[in-house]
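What follows is a single structure, written as structure tokens, with notes after it.
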Amino acid sequence: MTALLIDGNALSKTLRAQAAERAAALTARGHQPGLAVILVGANPASEVYVRNKIKACEDNGFFSLKDAYPDTLSEADLLARIDELNRDPKIHGILVQLPLPKHIDSHKVIEAIAPEKDVDGFHIANAGALMTGKPLFRPCTPYGVMKMFEAHDIPLQGANAVVIGRSNIVGKPMAMMLLDAGATVTICHSKTRDLAAHTRQADIVVAAVGKRNILTADMVKPGATVIDVGMNRDDAGKLCGDVDFAGVKEVASHITPVPGGVGPMTITMLLINTIEAAERAADAAA
């Protein structure tokens, strides 16, 4: 059996077309959705991510603003800029590209973003709202994964799901969303004693640790759905995920590729979150 590929590019195209329609409707009402992206320093990967986010905005009728600063920017100046954007009615979403330079406290920066403009869903108010089943914004990567399950009719209710990784950005919110959908969820991480014992029982495995080949074919239950959130480089410098794709695709029923899987969905859900923020702001102003 060869797994069915869950194509993130194709699903993104459909969802972005829907986002563009909603953006056009809002713009016609005088409320073009606006996203501000802040980049501090010259991290090459961060520069690529920011460029892709700005391009996605431009391609789908969003207003976008990119603030790029040297890594010498002070924390106080960054917080002051966020305060300005919080009060700017043209901006509905604010995203600070992580990681930040060491002298800037990323937790403090995230908490400075107004919760109603926190389209990454990282603010403590939004994390708490997700935890209690009343999310304002869902973090973009796990939200994109949930859309993939939905598009491919992958049953979650009663399913055994293993999430490998416990970050605030992917692992923890992913587990909460699966739990809300009725799955029985196990979170595994670097201190987990026998990872394979957990993954072999799983109907769904989400790998999100940033470690190549953490999941191999012998660790996967036949017919499982495998979602690869990892972004790594192989020995030849080629982009790859956390999953041994060649081996696992012969065992799983569904699998996401890297690249072209979860990556494009993350930016798509950023657009969806920004649209939702803009729609709420427009309704409040009406």
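Even glycines carry a Cβ here, placed using N, Cα and C.
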Co-listed NADP(+)-binding residue [Swiss-Prot; alongside Gly165, Arg166, Ser167] among Ser106, Ser190: Ser190
Additional residues surrounding NADP(+), by Cβ distance to the Gly165, Arg166, Ser167, Ser190 centre under 8 Å: Ile164, Gly171, Ile187, His189, Ala208, Val209
Binding residues Gly165, Arg166, Ser167, Ser190 (NADP(+)) - maximum C-alpha distance in whole Å: 11
Cβ neighbour count (within 10 Å, all chains shown) around Gly165 (NADP(+) binding site): 24
All-chain count of other Cβ atoms within 10 Å of Ser167 (NADP(+) binding site): 16
